[in-house]
Every structure is written in C-alpha cells, then in structure tokens.
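**Q** Features from Swiss-Prot:
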REGION    1-20  region 'Disordered'
REGION    2-402  region 'Pantothenate kinase'
BINDING   SER196, SER199  acetyl-CoA binding site
MOD_RES   SER393  phosphoserine
MOD_RES   SER404  phosphoserine
BINDING   ASP623, ASN624, ASP659  Mn(2+) binding site
Amino acid sequence: MAERGASGGGSGGDSLDKSITLPPDEIFRNLENAKRFAIDIGGSLTKLAYYSTVQHKVAKVRSFDHPGKDVEQDHEPPYEISVQEEITARLHFIKFENTYMEACLDFIRDHLVNTETKVIQATGGGAYKFKDLIEEKLRLKVDKEDVMTCLIKGCNFVLKNIPHEAFMYQKDSDPEFRFQTNHPNIFPYLLVNIGSGVSIVKVETEDRFEWIGGSSIGGGTFWGLGALLTKTKKFDELLQLASRGRHANVDMLVQDIYGGAHQTLGLSGNLIASSFGKSATADREFSKEDMAKSLLHMISNDIGQLACLYAKLHGLDRVYFGGFFIRGHPVTMRTITYSINFFSKGEVQALFLRHEGYLGAIGAFLKGAEQDNPNQYSWGENYAASSGLMSTSPELCPTQRARSGTFDLLEMDRLERPLVNLPLLLDPSSYVPDTVDLTDDALARQYWLTCFEEALDGVVKRAVASQPESMDAVERAEKFRQKYWGKLQTLRHQPFAYGTLTVRSLLDTREHCLNEFNFPDPYSKVKQKENGLALKCFQSVTRSLDSLGWEERQLALVKGLLAGNVFDWGAKAVSDVLESDPQFGFEEAKRKLQERPWLVDSYTKWLQRLKGPPHKCALIFADNSGIDIILGVFPFVRELLFRGTEVILACNSGPALNDVTYSESLIVAERIAAMDPIICTALREDRLLLVQTGSSSPCLDLSLCTSRTTTCMVLPFAMWVLWTKLKSLVEKCLSPLSILLACSVLSAKSRLDKGLAVLVRERGADLVVIEGMGRAIHTNYHALLRCESLKLAVVKNAWLAERLGGQLFSVIFKYEVPTK
C-alpha cells in the first residue's frame with residue numbers, strides 16, 4: 001500500500017544554478033509588497049505562492065453640488081472624474097524547476113522589503129530537503145504542512161473560485177478539452193493523487209475528508225520500470241516514447257486469446273487481456289516505444305479501475321485526478337479517462353484540473369493565512385498575468401510556451417465581496433452563462449478572434465485619449481496592445497488555455513489587460529459627455545411618453561429601450577457611426593431599428609401580460625451609459641413604478657467599455673430625481689433601489705452576483721444624498737474622529753448586509769429584465785429563471801445577425817414565462 005500523503009519524486013534538485021538571470025517584471029511581480037509566503041517542493045518542480053498588495057489606478061466620479069440648477073440649461077458636465085490610486089490584494093503562484101531554486105531564493109531575498117511575516121509554509125517531499133536552504137536564504141522559519149491537507153484545501157479553492165477549472169479530456173473529440181461549469185456545491189468528490197504512489201481521498205466538506213485507500217503502483221512505478229525497460233531516465237522522455245508506441249505489439253489482447261469468439265463474450269477484441277503478455281512467448285526484441293506504451297496502459301488501467309471501485313463503493317460520480325503523473329500530459333489523461341469510462345460504464349467522470357500543479361502551494365498558503373480568513377472572499381483569475389494551460393501537440397507531452405520555457409504563472413485578484421448564484425436561476429447546477437462555446441465552434445472562434453484583433457487599434461486610441469495629461473499614456477497603451485495581441489495569438493493556437501473560450505472571456509481578458517497598464521476606464525469622458533447630453537433630453541422624452549395612450553406608450557417605451565441599446569461603443573458598426581456623425585441621437589437610433597415583426601418578437605405576449613396585475617418587483621440589469629440608461633431604461637423604470645412595481649436597478653460595480661457603473665447610476669438618478677416626481681418619490685420611499693452587480697464585465701454571469709454589501713451599496717437614496725453632502729462637509733470642517741462618528745450614524749440606518757442576492761429574495765422579485773448584446777445574447781440567451789424574464793437587445797454585429805437569421809440592427813425581444 002502506498003504511504004499516506006506520498007507525493008511525486010524525482011531527481012533534478014541537486015544542481016543549483018546561481019547564474020540564471022530571472023525576468024522579475026514578468027515572473028516575481030509585486031514581490032516588494034509580498035506579505036505572506038508558501039511553497040510546495042516536489043522532486044523536480046517547485047510551486048511558490050505569495051500574497052501581495054497591488055496599487056493601481058481607478059476612475060472615480062463625484063457629483064457637483066449645484067442645488068436647484070436647471071439641468072436642461074446646464075452646460076457643465078453632470079459630474080467630475082478623477083483617477084485615484086487604490087490598493088487591492090492579489091495572489092501570485094509561480095511554478096519553476098528545482099534547478100532554479102537557489103537563484104529564485106536569492107532573488108526573493110534581495111527584493112523582499114515590505115514583508116512582516118517571519119514564517120513560510122512548506123509542503124511536499126522537498127520541504128525537508130530544502131528546509132535549511134530556505135531558512136538560510138530568506139531568514140524565514142519553515143513550517144511544514146501536511147501534504148494531503150494542502151492538496152484538499154487547494155482543490156476546494158480552485159473548484160470554488162476559478163470558472164472552468166475542471167475538464168474532461170476526450171482525445172478523439174474536437175475540442176479535446178471539455179470544461180465543466182462551476183457547480184454550486186462541489187462536494188462530495190474523490191481526489192486521486194498520483195505521485196510516486198497513489199492516494200485516494202474522499203472529500204465531503206471544506207474541512208472533512210478521509211483517506212480511503214491507495215496503491216504502491218503509481219507514477220514512481222511507471223518511472224522506475226520504464227527506466228529499467230528503456231534505459232530512459234527522464235519522466236517526460238518516457239511519456240514521449242509511450243506516445244509513439246503501439247501497445248498491441250507487447251500486450252496480449254482478447255482477440256489474441258479467443259479469436260473471433262470474443263463477440264459471444266460481449267467483449268471488444270482490442271481489450272487488453274494481459275499486459276506484456278506477448279513478451280513471454282515472442283523471440284523478437286520489443287521497441288522502447290511499445291514497452292513504454294504498454295507500461296503506461298497497465299498502470300493507468302490499474303489506477304482507473306481502483307478509482308472507479310472506490311467511487312462506486314462510496315456513491316461518488318466525480319473523480320478528480322492530480323499529481324506529477326498527470327501534469328496535463330494528453331497521453332496520460334487519455335488512458336486514465338478510457339479506464340474510468342470502461343470500468344464504470346460511463347457512470348463515473350474522470351476530471352482533471354487546469355491548475356492541479358498548484359494545489360499544494362495554494363493549500364499551504366491557505367493554512368498559513370487562516371487567521372485572515374481568505375475563504376470569506378471570492379477570488380478571480382487575472383487573465384492578463386496568468387499563463388494558462390500549456391500547449392499540447394496531438395500525441396506528445398505538453399510543449400512549453402516560447403514566452404517562458406521554465407516558469408508558469410497564475411495570478412488571482414481578491415474581489416471586493418463574495419459572489420453567489422442569483423436566487424432566481426431555475427437550476428444553478430445546469431446554468432451555463434455563455435451562449436456559444438468558441439472552443440467548440442471553429443468558425444465562430446476564427447471570426448471573433450479576428451474581430452478583436454481588428455478592433456485593437458481603436459481600443460489603443462481610446463485608451464490614450466482617455467488620459468490626455470499623462471506623459472506615458474502612449475507607451476502604456478502600446479504595452480497593452482502587445483499583451484492583448486499576444487493573448488489572442490495564444491488563443492488562436494490554444495483556445496482552451498483559459499478554460500472555455502467565449503466572447504465574454506475575450507472581452508474580460510481585454511479589460512484585465514487594460515487595467516494591467518492603468519487604463520481603468522477608457523470611456524469615462526465619453527460616458528460623462530453622453531450622460532450630460534441625455535439628461536438634458538430626459539424631460540422632453542417623458543413628456544412625449546406621457547402624452548400617449550396606454551397601449552401606444554408601452555410600445556414607445558420598448559422602442560426607447562431598444563433605441564437606447566444602440567449606443568454601444570463596443571460595437572464597431574455603432575462606434576463608426578458615432579465617430580463620423582456627432583449628431584446621431586435618440587431619434588436617429590429609433591429609425592435604425594428593425595420594423596416589427598422583430599427577429600425574436602414576444603412583444604404581443606408582453607403587452608398582454610401588462611394588462612394583468614403589476615409585478616411585485618422587477619430586477620433590471622442595465623447596459624450602457626448615456627442615452628441607454630437615461631432615455632431608455634429610466635422611462636421604462638418610471639412606468640413600472642407608476643404601475644406599482646418595485647424596481648431593483650443593477651449596474652456594473654466597475655467600468656467596462658461604455659457600460660454604466662453603479663457610481664454613475666447614483667449621480668444620474670440624483671439628477672433625474674430632481675426633474676421627475678415619480679423617480680424622486682420612489683427613491684425616497686425605497687421602492688427604487690440602485691445596486692451593484694459585483695461585475696466589471698460587458699457580459700453577465702448570473703452565478704456571480706453580490707451576496708453582501710459595503711457601505712452605500714444599497715443605501716436608500718435620500719440617505720445617499722445626505723451622506724455625500726455630509727461627507728463633503730466633514731472633510732472640510734471636522735476632525736477624523738467626527739467623520740468616523742458621522743459615518744457610523746449613517747451606517748446604522750442603512751442596510752449594509754443586503755446585497756443583490758439578498759434583495760432579490762427580500763423583495764420577492766418576479767420579473768428579470770436583461771438588456772444588451774453582452775448580457776442578453778452573448779450570455780443568458782438560454783438562461784432559465786424561476787420567474788418571468790425579458791431579454792432584449794439590438795444586434796449590432798452583422799456576422800452575428802446573419803447567424804441568428806437577421807440583419808444588422810435586428811431586434812431581440814424575448815419574453816419568457818417559466819413553466820408552472
């Protein structure tokens with residue numbers, strides 16, 4: 001039986017090369033601000049984890065204090081924009097060969113200036129071997145952590161925090177990688193760690209797991225026997241040999257024993273009846289490749305059958321495989337997958353992890369950071385700084401990316417608040433946000449990658465224009481271009497590098513790269529100008545709507561919503577118009593819309609519903625700033641309020657393209673309330689609530705909504721106005737203690753613990769309105785909800801419109817009622 005907690009072994013750590021020059025800007029980022037360390041040292045690879053603070057720029061908006069000013073005659077912008085420095089938390093994970101150990105430790109020691117920690121958590125077999133070296137170099141005490149505990153903690157962490165972390169490997173499919181959506185409940189599962197031996201662990205909860213079995217036949221067996229059979233000493237070279245071999249030359253198959261009679265047994269003739277069975281009777285020599293392939297099949301089948309038996313014994317249908325034996329090698333994943341499928345008859349899933357190599361380091365870090373309670377936060381993968389899955393050739397083991405052949409990177413940003421499933425999802429476990437999987441659709445993948453490449457010049461130009469006073473804006477924008485272009489080229493060759501490739505992930509990666517080079521909100525000035533212009537038109541639009549009869553007004557409101565949605569700077573067809581024709585406005589956008597019947601047209605059904613009783617509460621996910629939110633969404637909100645429906649208006653927490661942010665929506669609502677008694681009364685009576693989604697994406701993932709809030713997130717509007725005025729006053733006149741007291745008074749009267757998910761439950765939301773291409777077409781088009789839903793957008797991309805069976809500016813108006 002394998003020793004409990006055994007990890008991978010190997011040589012390679014004896015040669016400590018100090019002459020290596022490390023690229024610090026790319027590898028050990030933010031090291032000077034590192035606060036806590038952990039390390040997982042295997043036989044040949046080391047994984048380092050550290051927590052650091054990152055300073056970056058954020059765009060802030062603040063309302064001008066102009067009481068009683070006529071908005072229609074006001075020529076000043078509705079708010080001011082400032083760029084401030086903000087500090088956030090980030091986790092860094094680096095994987096490198098043990099050959100680099102001493103050079104890396106020297107580099108860390110020379111650049112470690114702000115750490116307060118005196119301890120480094122260490123796990124893995126090498127934690128003992130390198131203990132003295134680490135303590136000498138870093139002058140930190142090494143605390144050794146249990147290998148299995150660290151693996152489980154790390155596995156739980158990545159399954160909860162990284163979308164598309166787990167995948168099935170299907171060699172003969174296109175794509176080979178089938179990523180799993182994050183399940184709201186990851187437990188229970190089986191973890192099979194294949195190091196030198198095999199450990200099998202049943203994981204039931206965050207803190208409860210049990211070692212239930214193992215085997216002495218594991219990665220060490222493959223390596224050892226392989227070395228004896230082939231005289232090949234390196235593990236990866238053994239796998240390369242195996243990938244080129246034909247096991248049937250060495251193994252005795254069922255058809256070799258039974259001939260054609262195997263069909264009467266219900267068995268395939270190609271099944272292995274006896275591993276290495278032919279070697280006992282054949283006189284000829286066998287090739288190294290064939291022997292390596294036979295050995296790999298023998299060990300993988302043994303492990304697969306063992307895992308399958310334990311899974312069935314404990315009633316589990318998910319088995320995650322990890323350990324140095326796996327390491328993303330296609331030939332290994334293929335044989336294990338085949339074994340699991342065969343022995344379980346398809347009832348048990350063999351799953352692998354994108355970041356399985358980091359599990360021990362992540363777990364060791366979490367053990368050391370328990371007093372900081374890192375699990376109370378949500379964490380997100382930073383696409384700009386992470387290297388993703390390594391590339392693979394069809395048969396051989398993974399080849400390293402040319403960018404960095406020795407170092408592999410993962411970075412995760414701490415989000416401001418925990419994110420949870422929207423309670424209105426019909427079945428969170430089967431919810432898939434994205435409409436099209438680009439890893440699966442080659443034609444769509446090539447189109448969208450080309451589309452994002454062609455748009456890159458415009459994004460760079462917009463980024464530079466957003467910071468006219470910055471001396472280095474052009475230089476930073478060029479670095480952004482190179483970084484994002486590189487990501488797009490990686491995704492052309494490895495569409496699976498960051499999990500399932502979608503339009504959403506391409507947009508999010510672009511936003512991550514912009515933030516990486518301190519372009520937090522390239523469209524801030526565009527939004528400021530468009531919000532100011534739209535506010536001047538608000539009263540005339542509502543007066544026009546109020547003059548219509550009821551039925552005519554409902555259609556006008558919907559057309560207003562759709563016309564507002566045209567103003568999307570992320571769509572080239574629109575940005576070209578807006579840049580060439582500055583006079584293009586609300587009425588012109590209405591004329592662009594497809595005439596009814598629309599491409600998807602549920603309007604008649606919606607109108608019929610409006611003739612019934614009002615909805616209790618509507619949750620509206622807004623899209624763009626300017627005309628969209630002010631002349632499209634707010635008149636629609638106003639009508640719902642007039643009918644007696646409460647409204648929760650949800651906007652992005654952070655900027656993305658020209659999408660409206662929560663902080664901008666507060667100022668816009670303040671200005672509209674000064675003009676409109678319906679909006680003003682609803683805000684004062686807490687029937688119109690402004691909330692943030694927790695997202696900074698042009699798309700919408702309903703499995704990632706805010707579960708709790710920070711100050712002012714769901715502050716009643718009158719309280720927010722009072723807060724902003726009082727804050728301005730106390731900053732000028734009062735001491736810090738007085739400010740603190742004033743804040744505490746306001747906080748006590750506000751609902752600080754009610755985030756979007758909580759509000760939806762409390763208010764009994766029975767209607768969800770999702771607006772815009774990113775939120776209602778690229779994502780959530782097929783999302784099933786427990787309540788009525790309205791998904792509407794204007795298709796502003798000709799290729800997508802044609803795919804949907806329409807033309808540019810076709811209309812999607814999809815009203816759905818859940819089955820009883």
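Just so you know, glycine gets a Cβ as well, placed from its N, Cα and C.
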**Q** Near ASP623 (Mn(2+) binding site), how many other Cβ atoms are within 10 Å of its Cβ?
**A** 31
**Q** Can you tell me the CA-to-CA distance separating ASP659 (Mn(2+) binding site) and SER199 (acetyl-CoA binding site), as a whole number of Å?
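**A** The Cα atom of ASP659 (Mn(2+) binding site) is 49 Å away from the Cα atom of SER199 (acetyl-CoA binding site).
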**Q** Would you count the other CB atoms within 10 A of the CB of ASN624 (Mn(2+) binding site), including those on all shown protein chains?
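**A** Result for ASN624 (Mn(2+) binding site): 29 neighbouring Cβ atoms inside 10 Å.
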**Q** Using the CB centroid of ASP623, ASN624, ASP659 as the Mn(2+) site centre, which other residues of the same chain sit with their CB within 8 A?
**A** ASN565, ASP568, ALA622, SER625, ASP628, ILE629, LEU657, ASN658, VAL660, PRO698, GLU771, GLY772, GLY774
**Q** Give me the CA-CA distance between SER199 (acetyl-CoA binding site) and ASP623 (Mn(2+) binding site), in Å, as a whole number.
**A** 49
**Q** Return the single residue from the binding-site residues list (SER196, ASP659) that has the minimum number of other CB atoms within 10 Å.
**A** SER196
**Q** In whole Å, note down how far the CA of SER196 (acetyl-CoA binding site) lies from the CA of ASP623 (Mn(2+) binding site).
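**A** Counting only the Cα atoms, the answer is 53 Å.
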**Q** What's the CA to CA span in angstrom from ASN624 (Mn(2+) binding site) over to SER196 (acetyl-CoA binding site)?
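**A** Between the Cα atoms of ASN624 (Mn(2+) binding site) and SER196 (acetyl-CoA binding site), the distance comes to 55 Å.
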**Q** For ASP623 (Mn(2+) binding site), which DSSP three-state class applies?
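**A** ASP623 (Mn(2+) binding site) sits in coil per DSSP, no helix or strand.
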**Q** Across all the protein chains here, work out how many other Cβ atoms are within 10 Å of the Cβ of SER199 (acetyl-CoA binding site).
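**A** There are 26 such Cβ atoms around SER199 (acetyl-CoA binding site).
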